[in-house]
Amino acid sequence: MEKSVIRDPGFYVMVGIGLAVMFIAPVMLDLFTIMQFTQYVVLSVFALSLGYIWGFGGILSFGQAAFFGLGAYTFAVASINMGSTTIPMVLAFIIPTIFGAALGYFMFYGRLSDVYLGVVTLVVALIFWKLINHTAGPEYSIGKARLGGFNGIPSIPTLHIPGDTGAWLDPAQMFQVFMAILIIIYIALRFLIASDFGRVSIGIRENETRASLLGYDVRLQKVIVFAIGGGIAGLAGAMWATYQSFIDPNSVSMEMSAKALVWVMAGGVGTLAGPIIGCILLQWLTLKLGTVDVVNSIAVLGAIMMVLVLALPKGIVPTAKMLAMNGWTLWNRRPNRDAVTRKAVKHE
Amino acid sequence: MSDDYNILTTRGLTMQFGGVTAVDNVDFNLREGELRCLLGPNGAGKSTFFKCLTGQLTPTKGTVTFAGQEITGALTHKIVNLGVGIKTQVPNVFDGVSAYENVRLSARRKHLAPLARELTHATLERCGITHLAKREVGLLSHGQRQLVELAMVLAGEPKLILLDEPAAGMTGDERDRLAQLVLESARSAAVVVVEHDMAFIRQIAKFVTVFNRGAIFREAMIEDIMQDREVQEIYLGKQANAA
Ligand SMILES: Nc1ncnc2c1ncn2[C@@H]1O[C@H](COP(=O)(O)OP(=O)(O)OP(=O)(O)O)[C@@H](O)[C@H]1O
Ligand SMILES: [Mg+2]
């Protein structure tokens with residue numbers, strides 16, 4: 001529960017798997033699969049952003065794609081104008097963070113209730129989507145970058161080595177850089193959550209009234225958590241933009257926000273491994289179902305989601321953990337019982 | 001009595017919910033280091049009064065002054081940081097985490113981590129719940145949760161402690177321990193205790209305020225209150241109505 005990160009075996013398992021995939025996958029797998037994996041990595045970062053604010057700050061955002069899209073467009077516009085990708089990547093984190101802080105300030109200092117918070121985040125994402133869709137004309141350009149409305153922005157630069165705009169990353173390198181980003185964000189969030197700041201957030205999630213009755217400023221705390229989540233989602237958006245070298249309003253769509261909610265819910269709210277696993281599993285399923293033309297993939301996905309929620313209401317990771325713990329106790333009991341019987345036999 | 005010695009003063013404090021006046025024009029004075037019991041039948045407005053003091057509700061009318069500073073309608077965390085600690089009637093605890101972490105989060109508010117850890121251990125010990133330190137609070141009994149919440153309040157080292165029905169759900173032993181703690185705490189802080197449990201009241205009470213229908217009905221020493229016909233009647237009346 002509150003054990004430190006460095007004593008949690010799960011942490012090492014996750015980082016270990018991450019590092020192994022990062023270094024082994026490019027050697028073992030073909031290009032197409034690597035690019036498929038890259039997509040999962042980007043979306044996992046997006047899933048983490050929601051998994052963090054929802055699971056560890058008690059903030060349920062129905063419009064997390066607003067930050068994803070903001071990051072993506074920030075990166076697209078900045079990198080097209082600058083010709084470099086390093087600073088745009090940083091901006092894609094900073095600008096959504098600032099936007100998250102501003103929106104969070106309005107919501108949390110305005111004492112919006114949870115329901116309204118959900119509605120506001122949803123509406124903000126919708127407004128973004130509408131706005132971007134209306135920027136098709138040539139008059140909507142920022143510097144050299146035309147926003148393109150529903151047509152999107154093409155020819156977004158590929159990531160290059162910082163300081164050397166000629167050194168583009170090939171797909172395998174990009175995969176490795178993105179894996180590194182995912183691992184770093186996972187580690188950073190684990191330590192943030194285990195810090196005193198993170199524990200106060202968890203306290204707020206558990207009981208907001210008590211947190212303020214202990215003297216903590218719940219509003220400020222929530223604004224910070226929300227802003228960090230926004231920044232991470234923005235970074236994922238930038239990764240998405242450079243990976244596809246193209247971005248359109250779909251990145252801000254309801255579907256994008258909903259997907260993140262589904263991943264987190266399926267994987268398990270209150271964990272970080274959960275959102276990642278939920279994202280990969282469900283994206284993979286969507287891909288598999290997409291190849292079968294007979295059934296509507298969205299409908300089947302919806303059905304799977306409902307089964308998951310009913311069968312594993314806590315999500316995949318918490319359920320697996322519980323099963324593992326139960327198995328472990330059962331396993332441990334056997335030798336103990338043997339020891340007791342042996343003792344009893346001895347006494348006779 | 002001069003206001004200079006008062007840690008808490010309310011003037012004309014009123015809280016209305018629609019047509020219901022839950023707290024009605026209350027002038028309340030509490031001296032520094034005083035231990036006060038607040039009695040009154042169900043629905044008399046005791047909990048609502050506490051909520052007005054701690055900023056959980058913004059009073060409709062009147063003022064609250066704490067340690068010489070007006071705090072009427074201030075934000076809860078600001079009032080708490082001035083030195084007010086409250087155990088609410090329905091325990092407000094962090095269910096999903098351990099008792100230790102619950103108390104530590106309170107101690108950590110004012111102190112750096114190492115000192116907070118020490119204070120947490122000391123407070124758990126003081127409240128007799130060291131053996132519960134690692135247990136998840138959501139899984140504890142009502143009485144144990146009350147003790148955890150009390151430990152959280154004490155770890156905040158408040159100048160004014162408000163306890164709303166702290167003995168509810170406690171076993172005899174737990175209740176005796178609580179009475180001990182309340183008396184001990186009253187040496188370093190002002191304490192107001194709301195309680196229905198007469199056995200408990202007898203253990204701790206000196207000066208008593210009785211609420212009825214949101215207003216102060218009587219203020220006197222506990223011996224006089226116990227003999228007071230009218231006080232008995234408001235209690236009995238309510239109970240008769242309820243039955
Ligand atoms: N949020 C609220 N909205 C409407 N009415 C309320 C609210 N809170 C309290 N009341 C009403 O105010 C009155 C006082 O309630 P309060 O809880 O303060 O009484 P109490 O003295 O604490 O009673 P008890 O001993 O049962 O805890 C009651 O009539 C109650 O119904
Ligand atoms: Mg009450």
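Yeah, the Cβs are placed from backbone N, Cα and C, and that goes for glycine too.
Here TrEMBL flags A:12-33 (among others) as transmembrane segment.
Counting only same-chain residues 6+ beyond the ends of the transmembrane segment (A:40-67), those with a CB under 8 A from a CB of the stretch are 96, 99-100, 114, 117-119, 121-126, 128, 175, 178-179, 181-182, 185-186, 189, 193, 198, 201-202, 204-205, 208, 221-222, 225-226, 228-237, 239-240, 243, 251-254, 256-257, 259-261, 263-264, 267-272, 274-276, 278-280, 283-284. Taken from TrEMBL, the feature transmembrane segment covers A:40-67 (among others).
Per TrEMBL, the feature transmembrane segment maps to A:87-108 (among others).
If you look up TrEMBL, you'll see A:115-132 (among others) marked as transmembrane segment.
Listed by sequence, the residues of this chain that lie at least six past the ends of the transmembrane segment (A:174-193) yet keep a Cβ under 8 A from its Cβ atoms are 5, 11, 14-15, 18-19, 21-23, 25-26, 34-35, 37-38, 41-42, 44-45, 48, 52, 56, 158-159, 199, 201-202, 228, 232, 235, 239, 242-243, 272, 276. Taken from TrEMBL, the feature transmembrane segment covers A:174-193 (among others).
The transmembrane segment annotation in TrEMBL covers A:223-241 (among others).
Sequence annotations record features per position, and here TrEMBL assigns transmembrane segment to A:261-282 (among others). Counting residues 6+ beyond its ends, the transmembrane segment (A:261-282) has Cβ neighbours under 8 Å at 10, 14, 40, 43-44, 46-48, 50-52, 54-56, 62, 64, 182, 186, 189-190, 193, 301, 304-305, 308-309, 312, 314-319 in the same chain.
Under the heading transmembrane segment, TrEMBL lists A:294-312 (among others).
A Cβ distance under 8 Å defines the sequence-distant neighbours of the transmembrane segment (A:87-108), meaning residues of its chain 6+ beyond its ends; these are 67, 70-72, 74-75, 78-79, 116-117, 120-121, 124, 159, 218-219, 222-224, 226-235, 237-238, 241.
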